[in-house]
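Note sheet for the following structure.
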Amino acid sequence: MAAGALAVLLSCLSCCGSALWRYHAASPNYRIFSTRTTITLEYEGTLFSEWSVPRTCSIKDKRSPKTELRCSTPGFQNIKPIVTGPDLEDERNLFVDSTNICFLWYLKIAQYYHNFTQVIMIWVYDPENADPAELQLKADAPSLNSYVLTRQMATLGQRPSIRTLLKRKFYLSDEKLKDGAWHISVPMAANDIIKDIKGNQVTFQDCFVSDVLFLLGFPWLTIPEIPGFLPISSPRGSQLMIVSAACVPSSIVLVAHMETFQTNDSFRTWTTIRVPPGILTDEERSNVSGVSISPDGVFFLINGVLYLKNTTTFVKLGSKENIPDGGIIGLTTRKWCWINYLLKANKRSNLAIWTRDAVYLGYDSLEFVEITNMKKVRESIYIPSIATLSIHSIVYTAHPFEFGMFLSYCLTCNVMKQIYLGIYNEDSRQWLLKDFSLNVTRDTFITPHFVYSSMPELILWDKHRIYYSYHDFSANGVIQTPTEFGNLSKLSDDSVIHDVYLDYYGNILVKMENNNLFFFKIYVRDAVKLPLWTNKATKTQFFLNSVSQVNFVSVFENGTLGVQEFPLSLEIRSATYKTKEKCPFVAFHNNIDRVFYILDKKKKLSIWAQIVYPENKGLYIIMELYGPKLLEYKFHNKYEIASGFCTKTMDIMLYQTINYEAVHDYFKLQDQNTGLMIIQVRPSEFGKTCPTPPRVFQVAIGCDASKYIVVKGFDYNDCPRHDFFYIIEKSYLRHRPNKNLRVKYSWKKYGCPLKVDFRTNFHPLLELHNENGYIENVEVNFIVWEIHGRDDYSFNMTMQKSGCLNEAQTWKSMTTLNKHLPLEEAWGPQNYKHCFSYAIGKPGDLSQPYEIINKSNRNHLVWPMHRTGMYVFRVKILDPNYSYCNLTALFAIETYGVIPSPNGYLVFSVLFLLMLLFCSILTFSYFHYMRIYKHLYGSTDKRKQKNN
């Protein structure tokens with residue numbers, strides 16, 4: 001398929017007369033571009049004469065339009081084609097590196113939906129000696145060279161592992177090779193997509209294997225191709241439209257003038273999206289003006305009407321879904337991915353659509369809500385009644401909960417209009433009119449994009465110029481060029497701007513309709529033109545591939561696609577080499593290794609950043625915070641100078657000091673002090689060649705949903721895994737019901753009960769855990785209660801022994817005080833008051849049991865001595881300054897060791913029988929001995945009579 005697309009491309013180029021030249025490397029995405037690399041030079045056009053290369057490089061055939069080049073010396077190499085005629089081709093200064101990294105990891109991923117796992121097959125390959133299928137990333141198994149190389153590396157101790165950057169999971173490969181490769185099984189995860197492969201520091205022929213960063217999440221389903229369905233497309237002559245899922249960038253939809261294409265693997269493979277006949281007319285099918293992708297499917301905007309295409313259906317959306325049946329002028333989805341965020345509201349939108357007068361947000365399962373309309377806007381701010389006010393466009397910002405609404409405003413609307421900006425926060429549900437305005441001609445359409453930053457910072461463009469608004473709208477202007485005052489069209493043969501690509505590294509790439517390219521970086525106010533990479537007559541669009549590199553996709557007239565890798569970093573270094581532009585700083589380091597931090601009560605976040613720059617530059621580090629003012633912070637700066645370089649280090653401490661104990665409205669105070677802040681740490685100056693972007697990250701203040709508490713010593717493995725029933729006698733229950741309580745013991749809920757001798761008092765020890773395991777021992781106060789209502793247990797400590805000065809809170813007092821609340825809500829951190837001050841509480845009976853436990857107060861649970869029992873307790877953290885979470889846990893205790901009390905009737909019966917037996921024996925003995933006596937007495941009398 002790629003070969004056919006290339007043939008079509010070359011055929012097109014040969015007839016169009018456009019000339020350009022490119023270079024390629026065997027290493028995918030130009031990851032290895034060194035003195036060991038074979039560089040392929042390729043000229044497209046009819047005016048080629050020969051190649052001009054430096055002496056440090058050797059060329060295979062300098063008179064061939066396509067040849068191979070090797071450079072033995074590292075550094076910048078000036079390369080250009082010599083052509084006939086007056087026009088000169090662009091020269092490039094390619095930077096050839098010197099490195100000991102020669103080998104790469106090859107990945108082949110198998111999806112197993114029955115258990116939601118992905119098995120990654122990994123082997124080592126040498127790009128300079130690899131099989132063509134490996135270079136095209138289509139191999140199913142190692143080639144012979146790769147097979148031998150992988151086995152050799154494994155013998156030397158090589159063993160790859162996969163690390164996830166968001167959740168910090170670690171997966172090790174199988175120790176033994178299978179079919180010449182290692183295998184690693186990882187779970188499918190939509191919230192842990194950024195992964196990298198690392199190996200041991202093992203060399204073969206002085207060469208290492210390069211680590212690789214890649215994106216792998218939960219795969220999206222591909223819409224099936226059904227015979228008889230018809231193509232859906234944009235109008236003939238229009239430019240390509242492309243959209244990708246923000247957190248799954250390899251899932252892409254591309255709309256061309258003859259077909260719509262879908263891919264889930266960055267165009268390694270693709271399918272077409274077609275619609276059933278009879279729903280759209282031929283004119284409607286070829287008039288797509290907007291497209292967006294979401295978990296619900298692919299949305300198409302056609303003649304002001306919204307349609308949805310998914311794996312099972314193609315439907316028209318309208319009033320049934322609470323959106324207009326027509327008049328929709330735009331739709332958009334989020335551009336920047338935030339996997340984790342702290343949302344106080346119930347949900348977050350993933351789609352926005354708008355008419356001239358209203359904005360609608362779309363949620364999962366096709367739920368739409370109107371957020372605002374122009375009538376509400378006019379009521380909230382003063383707008384003259386004669387003025388025209390309409391929605392120009394909607395764009396999501398880099399903030400996970402915000403989008404910008406750009407308003408078009410004019411009075412007479414004859415020549416000029418003004419563009420204003422309002423930002424809506426979905427969590428707070430508040431609008432904020434920003435200090436931004438742009439004057440443009442009446443018929444000008446402005447396309448805005450928010451860059452990846454903490455503050456709302458903008459790049460906007462019309463057909464000819466790029467506008468910027470940096471530093472919270474305080475720095476505004478037009479991106480300048482060396483000539484033509486920023487008019488990119490005059491530098492591109494009067495072509496107009498097609499699209500602008502922005503990435504997480506601050507790179508901004510402008511593509512004209514004739515494929516001319518301009519580059520600048522965030523906070524930079526001028527652009528540089530890059531050499532032409534794709535023929536001017538070919539319709540192209542850029543996208544982010546699965547290894548976070550920008551690529552170009554081209555659509556040809558025969559309905560095929562061609563993908564070209566684009567060496568952005570090499571092109572930037574080549575273009576800026578001529579201007580001698582350098583990054584103002586040498587290095588920018590920091591310890592910010594996450595994009596999401598969450599702070600609980602009394603927790604602190606310590607970060608640092610360091611900048612190294614030439615002496616007398618006067619650079620410094622800036623920290624910018626955006627969002628509600630929830631945190632306090634401290635700075636500590638250190639400064640060093642040596643050998644003509646300055647080093648500045650800034651230590652930053654972020655924290656809260658709110659005291660929640662004994663406050664009037666605990667939950668309201670918590671709500672006021674929880675939320676999300678976006679923080680950015682950056683150098684004070686940037687340049688187009690700076691490799692290190694600003695560090696943007698979230699700090700959420702609130703409950704970490706992954707945290708939970710456990711009672712130490714309890715698990716689910718030390719007992720038979722089955723449920724059973726037991727009876728609690730009514731006299732042991734708190735409310736003294738009329739009958740005994742039959743309880744089902746659920747092993748899945750309660751785990752294994754801990755067996756405790758009745759003579760042993762029990763002291764629960766709590767541990768705090770999260771999804772990664774143990775965090776810390778819980779030192780603060782907590783309470784326990786038996787969830788089925790038992791109250792036949794007590795505590796060994798009294799209030800007096802615990803040091804109370806006033807009567808302490810107990811379950812009895814708190815349930816009496818809060819009769820309207822369920823038992824589990826009657827007492828907690830929201831109403832806890834300690835007893836160790838005369839100013840808090842009131843005097844009372846201090847001989848009562850003290851019912852509050854912590855790790856160090858030696859307060860134990862005491863069991864009744866005259867019976868055994870099964871107790872299921874719930875434990876809750878009582879300290880109001882410990883956590884924003886309602887931390888609870890269940891544990892079960894089974895007491896043993898008590899001899900059951902005898903039954904009185906049984907004792908009486910046994911004694912009666914014993915006495916009866918004893919009396920019977922006495923009676924029997926009496927008569928027995930009387931018989932013996934009579935016999936003896938009678939014999940004696942007879943003997944006397946005989947003697948007489």
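Using the three backbone atoms N, Cα and C, a Cβ is placed for every residue, glycine included.
According to TrEMBL, the protein carries these features:
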type	residues	note
DOMAIN	8-97	domain 'CATSPERE first N-terminal'
DOMAIN	102-187	domain 'CATSPERE second N-terminal'
DOMAIN	229-577	domain 'CATSPERE beta-propeller'
DOMAIN	587-697	domain 'CATSPERE Ig-like'
DOMAIN	729-922	domain 'CATSPERD/E C-terminal'
SIGNAL	1-18	signal peptide
TRANSMEM	905-927	transmembrane segment
(message) DSSP-wise, what's the residue breakdown of the domain 'CATSPERE Ig-like' (587-697) into helix, strand and coil?
(response) 7 helix, 59 strand, 45 coil
(message) For the transmembrane segment (905-927), give me same-chain residues lying six or more residues beyond its boundaries with a C-beta closer than 8 angstroms to one of its C-beta atoms, as numbers and ranges.
(response) none
(request) Write out how many residues of the domain 'CATSPERE second N-terminal' (102-187) are helix, how many strand and how many coil, based on DSSP. (result) 19 helix, 35 strand, 32 coil
(request) Averaged across the domain 'CATSPERE first N-terminal' (8-97), what pLDDT does the model get? Just tell me the whole number, please. (result) 86
(request) Count the residues of the domain 'CATSPERE first N-terminal' (8-97) that DSSP assigns to helix (H, G, I), to strand (E, B) and to coil, and report the three numbers in that order. (result) 12 helix, 42 strand, 36 coil
